[in-house]
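K.L.:
Feature list, courtesy of TrEMBL:
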| type | residues | note |
| --- | --- | --- |
| TRANSMEM | 80-100 | transmembrane segment |
| TRANSMEM | 107-127 | transmembrane segment |
| TRANSMEM | 147-164 | transmembrane segment |
| TRANSMEM | 198-217 | transmembrane segment |
| TRANSMEM | 223-243 | transmembrane segment |
| TRANSMEM | 320-339 | transmembrane segment |
| TRANSMEM | 376-393 | transmembrane segment |
| TRANSMEM | 456-481 | transmembrane segment |
| TRANSMEM | 501-519 | transmembrane segment |
Amino acid sequence: MSDLAAAEIPLLDDSVKGCLDFKGRPVHRSNSGGWTSASFIIAVEVAERFAYYGISSNLITYLTGPLGLSSAAAAAQVNAWSGVATLLPLLGAFLADSFLGRYRTIILASLVYILGLGLLTLAATLPSVTTSGAPNADNVTLNTSSMLQYQVILFFFSLYLVAFGQGGHKPCVQAFGADQFDAEHPVECKAKSSFFNWWYFSIAAGILLTLLILNYIQENLSWVLGFAIPAIVMAVGLLVFVLGTMTYKFSVKGDKESPFVRIGRVFILAIRNRKIASSAIATEESFKQFKFLDKALLAPDSTMEQGKVCSMREVEEAKAVLRLAPIWATCLIYAVVFAQTSTLFTKQGAAMDRSITRGIEIPAATLQRNYNAQRIGTGIAVSAIAMVVAALVEMKRLQTAREHGLVDKPNVTVPMWVWWLVPQYSLCGLSDVLAIVGLQEFYYDQMPNELRSIGIALYLSILGVGSFLSSFLISVIETVTGKDGRDNWFADNLNRAHLDYFYWLLAALSTLGLALYVYSARSYIYARRSTS
C-alpha cells in the first residue's frame with residue numbers, strides 16, 4: 001500500500017508554485033491555466049478590439065457627417081480621444097498593480113466599456129440630430145438647438161467612457177493571459193510563445209471583421225446599429241471571460257508594494273540625497289548609467305542604513321524605466337504618422353470613388369489594417385515612405401479634381417478610384433508590423449519582470465502622446481495657413497485643401513525622427529533577457 005501511495009504522489013502533487021485560484025486556494029496544473037483559460041481571455045480581448053476599432057476606425061466620418069464638424073476639428077477630436085485612450089493604460093496599470101489586480105481591473109473596465117458603448121448608441125438615437133424628411137435618419141446635419149448640444153455632450157461623454165474602459169483593459173488582459181502559462185514548466189513555456197502568436201492573430205481577425213462589416217453598416221445602414229453591435233459584442237465577451245473564472249491562475253506577488261511607489265521612492269531619495277558625494281557609494285554597487293539615482297542607496301548620513309534607503313533592485317528598476325525614455329521620445333514622430341490612418345486617410349478616401357458595383361460602395365475606413373512585427377527602426381523608415389506615397393496620391397487626386405472642374409464641387413466624387421490609397425495603407429500596415437509590435441515586445445522585454453504591465457502601458461503612451469502632438473500640429477497649421485481668409489491645408493473642401501503638403505511635412509519629420517531613433521538605439525544599454 002505504501003508503494004502505491006508513493007507512486008501516486010507525483011500524479012496528485014501537480015500544484016503550480018506561486019499561483020492561486022479565484023478562491024485563494026493552491027491551483028493544480030491539471031485543471032487550471034493553460035489553453036483552456038487563455039481561450040476565455042483571448043475571447044474578451046477580441047471583443048474589446050472589435051468594439052474599439054468599431055468606434056475609432058470610422059469616428060471621423062461620424063463627426064464630419066451627423067455631428068457636422070469640420071475636417072480639421074474632427075481630426076483634432078479623434079486625435080485627442082485616441083491620445084487619452086492610449087495614455088489611460090498608465091492609470092489602468094497603476095490600479096491593477098497597486099489595488100485591484102488584473103482580473104478585477106478587467107471586469108470593472110469591461111463594465112465601464114459597455115456603459116460607454118450603450119450611451120454612445122443612445123446618443124446616436126436622439127431625434128434632435130434628425131433632419132425632417134430625410135429618407136435615412138442617419139443623414140443629419142448640425143443645428144443650433146439646445147437639444148443637439150445635450151446630444152453632443154452625451155456623445156463625447158460616452159466616447160471618453162469607452163476610453164476609460166480601454167485604459168483598464170489594455171495593460172491587463174494580455175499579461176493576465178500570459179500568466180496562465182507556467183514559464184518554469186517546459187511544455188507550458190513553449191505554449192506561452194504560441195499564445196502570443198495566437199493572440200495577435202485573433203486580434204487581427206477581430207479588427208478585420210470590424211473594418212469589413214461594421215464600417216459598412218455604419219455608413220450604409222445605421223449609425224445606431226453600428227454603435228449597438230460593439231456594445232453587444234463587448235457584453236458577450238465579458239460574459240465569456242467571467243465563465244472562465246474557475247479555470248484561471250492568479251499569480252501571487254512576492255512584493256505587495258506597488259512598483260509605482262518603489263520607482264517613485266528611488267527618484268525622491270535620489271533628489272533628497274543629491275548633495276551627498278557619490279564617493280560615499282561603494283564601487284561595486286554603482287551602475288554605469290544614471291549614477292545620480294545611486295544616491296537613493298544612501299541614508300541622509302551617508303550610510304547604507306536599512307529601512308531608510310532603496311535596495312539595489314529598486315534602483316535598477318528605476319534605471320530600467322529611465323533607459324527607455326530616449327527610445328520613447330524618438331518614436332513620437334512615428335506615432336504622429338500612425339494617427340493619420342484613422343483620420344485624414346479616411347477623409348481622403350471619402351472624397352474618392354469607392355464603388356465596387358452599381359449601388360455598392362466600400363467604407364473609406366475599410367482600408368485600415370494592423371500587423372505584427374520585429375524592427376522598430378525599419379518601421380519608422382517605412383512610415384516616412386508611406387507619407388511620401390500619400391502625398392503623391394493626394395497630388396494626383398487634386399490634379400484630377402482640377403481637370404474635371406470639381407475644385408469648387410466638394411460634394412461631387414472625384415473620378416479617381418479609392419484603390420489608389422492601397423499603397424499608403426499597405427505601407428502603414430507594414431510599418432505597424434515593424435514598429436508597433438516591435439515597440440510592444442521591446443518594452444515588455446526590457447522592463448523588469450514585475451513591471452512588464454507598466455512596460456505595455458508606456459509603449460501605448462507613445463501612441464497617446466503622438467495623437468496629442470498630431471492634434472496640436474493640425475491646429476497650428478490650420479491657424480497659420482488659414483490666415484487672411486485663405487483655404488487652410490485642412491479645408492472642408494478637400495479639393496482646395498492641401499493634405500499633400502501635410503504629408504510631405506510628416507515625411508520630413510519622420511526622417512528626422514528616424515535619425516534620432518538610430519542615435520538613441522545605438523547608445524542604449526540592453527537589459528539581460530529574462531528566461532521567462
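For all residues, glycine too, the Cβ spot is worked out from N, Cα and C.
If you look at the structure here, what lies around each of the features I listed?
P.N.:
Counting residues 6+ beyond its ends, the transmembrane segment (80-100) has Cβ neighbours under 8 Å at 52, 56, 59, 108-109, 159-160, 162-164, 166-172, 258-261, 339, 342, 453-454, 456-458, 460-468, 471 in the same chain.
Long-range contacts of the transmembrane segment (320-339) within the same chain: residues 79, 82, 263, 289-290, 293, 376, 379-380, 383-384, 386-387, 428, 431-432, 435-436, 439, 442-443, 446-448, 451, 454-455, 458, 461-467, 469-470, 473, 506, 509-510, 512-513, 516-517, 519-521, 523-525, 527, each at least 6 residues beyond the stretch ends and with a Cβ under 8 Å from a Cβ of the stretch.
Tertiary proximity for the transmembrane segment (376-393) is limited to same-chain residues at least six positions away from its ends with a CB under 8 Å from its CB atoms, namely 327, 331, 333-334, 337-338, 340, 345, 348, 420-421, 423-424, 427-428, 430-436, 438-439, 442, 499-501, 503-504, 506-507, 510-511, 513-514, 517-518, 521.
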K.L.:
Under an 8 Å Cβ to Cβ limit, what residues of the same chain, 6 or more beyond the ends of the transmembrane segment (107-127), are close to it?
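P.N.:
For the transmembrane segment (107-127), the list is 44, 48, 51, 55, 66, 92, 100, 138, 147, 150-151, 154-155, 157-169, 172, 223-224, 227-228, 230-231, 234-235, 237-238, 241-242.
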